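To start, the structure itself, in structure tokens.
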Amino acid sequence: MESTASKQLPPTTKGNMTQPRPLSTFSSASTHVDILTPITPPTITPSLTLSTTPAPPVDPENGVSTKEMIVDSPPEGGLQAWLTVAGSFCITTAVYGLSNSVGVIQPYWAQHHLSSFPIQDIAWISGANIFLCLFLGVQVGPWFDRFGPRWLLMAGSLVYLAGLVGLGFLPEESDVHVRQGVRAPGVMYGLLMLLWAIVMGSGAALCCTVALSVLAHWFEKKRGLAAGIVFVGSSVGGAAFPLVLRTTLPKLGWAWSMRILALIVASLLSIGNILIKGRIKGRRGSGAINFACFRDASFLWTTVGCFSMCLLDFGLGSGVGRLVAGAISDKIGRFNTMILTTIFSIITTFAVWMLVETDRMWLIYLFAALFGFGTGCVISIGPICVGQLTVPSKFGQYYGTSYSVVSFS
């Protein structure tokens, strides 16, 4: 006979078979523990601390943290911002203004220093100056993003002044043949190419790239107006320096005219070095040339557009057009302004230039004013359109790379 206890054994399940549980699994107490089942101690999971601060972004170009690139929005004004605009104005007045004065300097070379050279050969000197000023921006721009404006602007100012002071030691035509004989014309051409084109062109690249790129540190919504003010300096210098030269060259000669120019330029560059300040800490990286920005189709076509407009007119744009176009672009958009002023220039060509005849020569002056107003916008709006396609910390690279292409125009 089976015991009562064995009849009351609860079943256990193992697979599809039902077996009685052994008596050894019971205890006399109301609670029991299955001695056949191992007791697994509880797993203690360490508490995780969740950070609410997001990880800094990574620069895809350099593969490093770009925490230093995170800055607040540009202040769009303030004392230091407008002092920086004033300093950049002084830089463009000194550098671009003197480059625009070649209409007085080049004929003087043709009459004195380089009288044995045709005018087209002499023009290579001034052309090389402008070319290097723009082309070298492809390297100066990344340096600006890496190191900021201070040392680059100082170095550019010293290099530019060194070339200008060196011009003051070149002899006049009357002294050339006595001192250097029949080889003098070739030697003089080489010296002018070295000082005016290479040395001053390199210094101009450092100064002007910094003076324009630093505006992105302080302005976004008002960047067009700021750039328009800065580029007016080019027109101011282009009007003032020829007046000085037309007075000093006949009376004082070449050497003292260059020394007077060097004094004026040194004063303007000194003011620029004092007033211009950067706001964004240099981004990490080598500061080397990088053409990866051309992968952006918008950047590529913007560069093509600036090249085309500068091919028509680089240095002859009206200062009024530069200022007005810059201010309007902040209201209606930079690319919209570029399109409208381009259409305006095309209409001016067909509506005014095509009507010029010998008995209506006054139309030439009207065309010069209207066409200069229209094409002048590319000087101030072109770099701002480029700046629309990148962040302020990379503006120098984008601007320098774009205008290195424009330099071939």
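For all residues, glycine too, the Cβ spot is worked out from N, Cα and C.
Keep in mind it's a predicted model, so treat the numbers as computed, not measured.
TrEMBL annotations:
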DOMAIN    259-409  domain 'Major facilitator superfamily (MFS) profile'
REGION    1-24  region 'Disordered'
REGION    38-57  region 'Disordered'
TRANSMEM  79-99  transmembrane segment
TRANSMEM  122-144  transmembrane segment
TRANSMEM  151-170  transmembrane segment
TRANSMEM  190-212  transmembrane segment
TRANSMEM  224-244  transmembrane segment
TRANSMEM  256-276  transmembrane segment
TRANSMEM  297-317  transmembrane segment
TRANSMEM  337-356  transmembrane segment
TRANSMEM  363-384  transmembrane segment
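Only sequence-distant pairs (6 or more apart) were considered; of these, at least three Cβ pairs between the transmembrane segment (122-144) and the transmembrane segment (190-212) are under 8 A, so the stretches are in contact. Along the domain 'Major facilitator superfamily (MFS) profile' (259-409), the predicted structure has mean pLDDT 74. Contact counts against the transmembrane segment (190-212), taken as Cβ pairs under 8 Å, peak for 79-99 among the stretches 79-99, 224-244, 337-356.
Simply put, out of 79-99, 151-170, 224-244, 337-356, 79-99 has the most Cβ pairs sitting under 8 Å from the transmembrane segment (256-276).
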